[in-house]
2 protein chains.
Amino acid sequence: MRRTVLKFGGSSVSNIEKIKDIAIYLKNRVEEGEQLVVVVSAMGKTTDELLKQVNSITKTPNEQDLAVLLTTGEQQTISYLSIILNDIGVRSKPLTGYQAGIETVGHHLKSKISKINSKLFDQLFNTYNVLIVAGFQGFNTDNEITTLGRGGSDTTAVALAAAQQCPCEIYTDVDGVYSTDPRIYPQAKRHQVVSYEEMMEMSALGSGVLVSRSIEIAKNYNIPIYLGKTLSEEKGTWIMSTIEMIEKKAVTGVAIDKDMIHVTLNYPENNTQLLDQLFMYLEKEEINVDMISQITSNEGLQLSFTMKDTEEYQIQKIFGQLKEYYPALYFKIENRFTKVSVIGSGMRDMTGVASKVFRTLIEANLPFYQVTTSEISISYVVDLENGEKAVQLLCERFDL
Amino acid sequence: MRRTVLKFGGSSVSNIEKIKDIAIYLKNRVEEGEQLVVVVSAMGKTTDELLKQVNSITKTPNEQDLAVLLTTGEQQTISYLSIILNDIGVRSKPLTGYQAGIETVGHHLKSKISKINSKLFDQLFNTYNVLIVAGFQGFNTDNEITTLGRGGSDTTAVALAAAQQCPCEIYTDVDGVYSTDPRIYPQAKRHQVVSYEEMMEMSALGSGVLVSRSIEIAKNYNIPIYLGKTLSEEKGTWIMSTIEMIEKKAVTGVAIDKDMIHVTLNYPENNTQLLDQLFMYLEKEEINVDMISQITSNEGLQLSFTMKDTEEYQIQKIFGQLKEYYPALYFKIENRFTKVSVIGSGMRDMTGVASKVFRTLIEANLPFYQVTTSEISISYVVDLENGEKAVQLLCERFDL
């Protein structure tokens, strides 16, 4: 029997009416003979409301406690969806992260999936046609409830598909992967298919459709992912291995990341222990930094990097701790920059692409402050107010 | 180290401010050297709101699904309380029913606790001072989430105390056990101590402070229960074994149960199979009936009983099913009656008490329709509008 994992995000399940529409869609697919694993997020703004309540208590909630709280959001969605499905005659069962056997390791709020019991699903499909799994959550070896952090429900879905060796369909309010954000460049084209690698760059660089860890899992297990708009007739985008892709374009997309902060650190002497300790703290807090650049001169040490603005609180805390050991430490956190990246899995001639980007930005008089490259992308830090303009010019330039 | 189980009901934790007050109280007790297991209910009207949402979907939700939904209420309370405790420096850990090892059997929504892993608590107290357990919930051997039904959080607390052989303190908005409801008879007296048996009668007969199953557990494991008002200086009531009670009064209380329905069933012939099937259905739906009276005559079968009005939907369903087999079956469900009970563990001279009650009701011209007796109580069905008057007169008569 054909099995598929489907994932519906928060805006697709923001109220009971929307959940009912999804239930009817699932019923049709079951009647066509499919076994469905459905992963859902918390309804609409539920998680935000829980966090707001917590914020009224403390700015530094215990992370184990917070995980127990936040997972109730998804638990409510699985219950409602299952109540509706059973009510319209589809044999359905809701499963929390623990019940679905989603074992995790690491931070309570940023856990990584370490193990999934796929036999459990085979057994349950003897009785049920739809198994509804709460996204974003799991449990660790201490039997504690954990959450998977940003994009966690997508990760749940892809990991479940990987464990069962079946395709994964992810439904949101976006109808596929575009060469760039259509709100910035309306002529942007929707891709029918992109490679895992391209998608990873786009995600890591902030285009935001799917977090890189999900794509990494899909790539490792060679699971095709479909990205489409919830209950839409429009064809979305398949993400798959490059081997299965017929044509590889040099440049397939331009991504922009506005949700970043730029961090600069100065210290009067070249102290490698300070750097050691900084990176140890970053690792402990599981903060991903990007575009690191370091200069050591007679005037001492200068280091700068970019990171997600959602983790500003943690980096402030880290600098607070460091200043106890290194009182002369100076640091600056700025959000006046944005990162623009040009991506393409066929991007062999990096310098050719780089020089085209340079010329585009220079001709338009848009200054850039830092450049970093990966296998299939080049990223530029530009002024926040120039970001969208840069995206538009680059899309025109590369005919996206 | 002294260990105590404390339970706080829904109105005691209806908002974050109230939960903060409880946290400070718990901190004080921890500082006095206690290990605390704290059981909490869902905040205020949370459960009602979830049920309202479900009602907008269907009147017959799948019970497994509904259990998964309802348990999120308590899970949120344990998280908030633990966040606050950890924030004020008390090492605390929230535990869902599953995490607390509360194994259950039976109906998803009316499960009974079958096993508790008390070693788990001993282990966790090596690290934590307060363990916060979500009331009203557990899990069954199929790893499914279950709820314990009416008064479930109290049962959680008492069962945890039984498993750990420690006292149990139950805090609500009522400051103890009264001879009758003070809203009906303002001169009602608060007991310092009552026996398990008396308390069981009062609960079973609807005085509503604590459900009988909780008291039954406490009695079986000989665990003293304290009933008091949340964060009040007033002394509440201890419920304990009669052996430890010095004085036993003949009549200790008058209870009234307004939340009942009166069910009458007629069938033109004396069909015992019909009765068999009825009681099989009642057992299956786990409906407790009370004050059963049956008459068989030439005109056929007549049976009447009382039950909780919250289960009216289920009894309607049962009669619907029975009518398929017995089309001539006639049934009537009425809520125009109330039950008034006189309770006392020292009530040896049942006829003496009964005749006093008869006279009281007759003198006041309050008709009664049915009388049943137990070891330590006598119950009367009277008209709904006469219930409170009957309580007042009986309290005066027995000097309560």
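Positions of Cβ are set from backbone N, Cα and C atoms, glycine also.
The feature ATP binding site is assigned by TrEMBL to B:LYS7, B:PHE8, B:GLY9, B:GLY10, B:THR172, B:ASP173, B:TYR178, B:ARG183. Here TrEMBL flags B:THR47, B:GLU74 as substrate binding site. Taken from TrEMBL, the feature domain 'Aspartate/glutamate/uridylate kinase' covers B:3-227. Taken from TrEMBL, the feature domain 'Aspartokinase ACT' applies to B:340-398.
On the structure: features taken from TrEMBL.
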residue: B:LYS7; record: ATP binding site; DSSP (3 states): strand
residue: B:THR47; record: substrate binding site; DSSP (3 states): helix
residue: B:GLU74; record: substrate binding site; DSSP (3 states): helix
residue: B:THR172; record: ATP binding site; DSSP (3 states): strand
residue: B:TYR178; record: ATP binding site; DSSP (3 states): strand
residue: B:ARG183; record: ATP binding site; DSSP (3 states): coil
C-alpha spacing of B:GLU74 (substrate binding site) relative to B:LYS7 (ATP binding site), in angstrom:
12
Fill in the CA-CA distance, B:GLY10 (ATP binding site) to B:GLU74 (substrate binding site), as an integer in Å.
9
Could you tell me the maximum Cα-Cα distance in Å between the residues recorded as binding ATP, namely B:LYS7, B:PHE8, B:GLY9, B:GLY10, B:THR172, B:ASP173, B:TYR178, B:ARG183, rounded to a whole number?
24
Roughly how many Å separate the Cα of B:PHE8 (ATP binding site) from that of B:GLU74 (substrate binding site), to the nearest whole number?
11
Quick one, of the binding-site residues B:GLU74, B:ASP173, which Cβ has the fewest other Cβ within 10 Å?
B:ASP173
Cα-to-Cα gap, B:ARG183 (ATP binding site) vs B:THR47 (substrate binding site), nearest whole Å:
26
To the nearest whole angstrom, what is the C-alpha distance linking B:ASP173 (ATP binding site) and B:GLU74 (substrate binding site)?
18
Looking only at the domain 'Aspartate/glutamate/uridylate kinase' (B:3-227), report the model's average pLDDT.
92
Run through the Cβ atoms and count how many others sit within 10 Å of the one on B:GLY9 (ATP binding site).
22
Rounded Cα-Cα span from B:GLU74 (substrate binding site) to B:GLY9 (ATP binding site), Å:
10
